[in-house]
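Annotation source Swiss-Prot lists Mg(2+) binding site at Asp460, Asp466, Glu469, Glu470, citing sequence analysis. Under the heading domain 'tRNA-binding', Swiss-Prot lists 39-154, citing sequence analysis as support. For 407-482, the entry in Swiss-Prot reads domain 'B5'. Per Swiss-Prot, domain 'FDX-ACB' is recorded for 709-802.
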Amino acid sequence: MLVSYKWLKELVDVDVTTAELAEKMSTTGIEVEGVKTPAEGLSKLVVGHVLSCEDVPETHLHLCQVDTGDAEGPRQIVCGAPNITAGIKVIVAIPGARIADNYKIKKGKIRGMESLGMICSLAELGLPDSIIPKEFADGIQILPEDAVPGDSIFPYLDLDDEIIELSITPNRADALSMRGVAHEVAAIYGKSVHFPEKTVTEDSKPASDKISVAIESDKVTTYASRVVENVTVQPSPQWLQNLLMNAGIRPINNVVDVTNYVLLYFGQPMHAFDLDKLEESHIVARDAREGEKLVTLDGEERELTAEDIVITVADKPVSLGGIMGGASTEIDNNSKNVVLEAAVFDGKSVRKTSSRLNLRSESSSRFEKGVNNDTVLEALDFAAAMLQELANGSVLAGRVQAGSVDTEPVQVSTSLDYVNVRLGTELTFADIEDVFAKLGFGLTGDADRFTVSVPRRRWDISIQADLVEEIARIYGYEKLPTTLPEAAGTSGELTKTQTLRRKVRTIAEGAGLTEIISYTLTTPEKAVEFAATPSNLTELMWPMTVDRSALRQNLVSGMLDTVAYNVNRKNSNVAIYEIGKVFEQNGNPKEELPNEINTFAFAISGLVAEKDFQTKATPVDFFYAKGIIEALFNKLEVSVDYVATKDLASMHPGRTAAIVLDGQTIGFLGQVHPQTAKNYGIPETYVAEINLSAVEDALKPAQPFVEITKFPAVSRDIALLLKADITHQEVLDAIYSAGVKRLIAVKLFDVYTGEKLGAGMKSMAYSLTFQNPNDNLTDEEVAKYMEKITKALTEKVEAEVR
């Protein structure tokens, strides 16, 4: 919201500097982005009167004699603008002047002709193209005839005004109007507002003879209109054009400019229809039908849906409610009779339509946040009165209206104790009365219980907490006492989840992995790509891009994108990990939030060790990846099993293992399927993913310190003849099933296959370590332990001790 300080001072008696005002507003709840003066950096710009204008042969140039109020007489200026002509008033930069981009104007010669200055366009003064009147977009600015040669252009075009840019949050949409800002400033400084009133002088003919209106949508609360006949469409007076341009709005003509003025003044969006272009007199506000089309004022054809609001005549859309009018009923220079519209449209519907069509306007931004119900009809009458003044129109008697809005003040009750407890203050009831008097709110009751009557212009206030905020703002945040919050002391230790994440991060980085952070949002296909049992997809309704539309259910797909990114840049040795959340949705994604699961994953590709003069290159393989996982679980003191699996279509069927904890699959480990790797454009890659939330539940509580035993351990080796399909895990399970408490370690140190063993057989050799923390082990005890283990191996895996 751009606020003219000149205009603001007409509405409220304030005599502080804009810097002070900006600081005060920012500290009371409305952020000021900055203050700028359009004339800043400009100098020596005056009104000029073109006395003569001669074409320069064989060029686009014109040799002009221009009166700039100098005693020496007219000055000669060479100008190339297509709309320069004798008799007009223009903007002249005299020698020594500064225009946009700090460009200095000097005396010079053009095609041998002396030029003592420059005739300027608004663009050359630094105004953006978007606000320059279209008739002057490709040429110089032509000033009204009453402009006096030699006068400074700054006050004439209000370039010396100070423009305050406000950043309006959705809860303070009341400040999207000059009246709203004036109320705010008046409350801050304890001043009163004075808004000019306009009285409509109505013709005897009733407006209802010309039009009728109806509402056929629950998204339209009220729809009111007035008819103004015999208007003269022409450029607006300079003061109105200046005001609109300083507010960032392009002047069009006096009729359209009046509706934009009222929008800025009241915050009430309005629209003007050419009455003679309406096919019939009955106007209906209704929901659009699927597939209906409307060409809007910007010349674009829009396809509508049932969620849109349209204004129709003869059952044909002529305006997109709350956003933009239609081209078919546009006001032009030939328009004579005008229908003014003031309505209240549903903000949610306007926002959806505006977003879907990518069509933002000053009107839509206000309807989205809300408008003041109190001034809908007042704004309509004000606009009609302005058309009487500026377009010589005749206003027909009465408004034509359908629907109504509630204009009764909102009653909110609270108590002095409630306020003081929440602000930590010792305010008196007199302080409360003073605050609400400044705000212009009614107040009844006493300290024990009082009721505030909130005008409809402040629709953001509805509960006690809102009143407390208003009191704090106007009383002054800087006056609130500084106190420390009262809370029970808490220990500064890490949570179990934080501790686990730190341990995993330390182990992963110790294994040579580099941490990455990938996008939580991905494509629907990648979201479920590495999920063994995918849950329902949680997708965004309006994603920024199609590649970021669904919440991920795995980390691996994002990691493979990172691997591909590195490989494409000649970094073929990749070792990365991530700790992040994946999302499981077991219900309806539109009604329920997904479960967030802490997850760890890594991806490795390329070489573990580079080739040098004495060692061979060592490529990444399944066992290297498994070693990282084993190291992780060993450090965490969590026992897991590895079970071969073919359930994951994106993983190699012969080199993938499910990671099982207490009978529950908590992750997987293995090689990415060659076809999947090809799809990603990456070489042979190994990945793993683990559900850290499940691991956290399995963590053992912190163990008390146990003294290191002084008694030695005893080791025994055992070689087993086994069937070739017996796995290492099955052998371990058999050994531990013997229940030997003194067995503290089992290590596989040899695997052998060959013809001597026979077909389908293999040999596996293990080192078993025993230890008694309280005594020396005897040979007899160790022999008994070995006997029990041998028996278990024979029974469980049909092992034969070699």
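Placement of Cβ uses the backbone N, Cα and C atoms for every residue, glycine included.
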Residue distribution over DSSP helix, strand and coil in the domain 'FDX-ACB' (709-802): 32 helix, 32 strand, 30 coil
List of residues, in chain order, with Cβ under 8 A from that of Glu469 (Mg(2+) binding site) and at least 6 apart: Gly29
Shell list (Mg(2+); ref centroid = CB of Asp460, Asp466, Glu469, Glu470; cutoff 8 A): Asn171, Arg458, Ile461, Ala465, Leu467, Val468, Arg473
Residue among the binding-site residues Asp460, Asp466, Glu470 whose Cβ has the most other Cβ atoms within 10 Å: Glu470
DSSP residue counts for the domain 'tRNA-binding' (39-154), split into helix, strand and coil: 14 helix, 49 strand, 53 coil
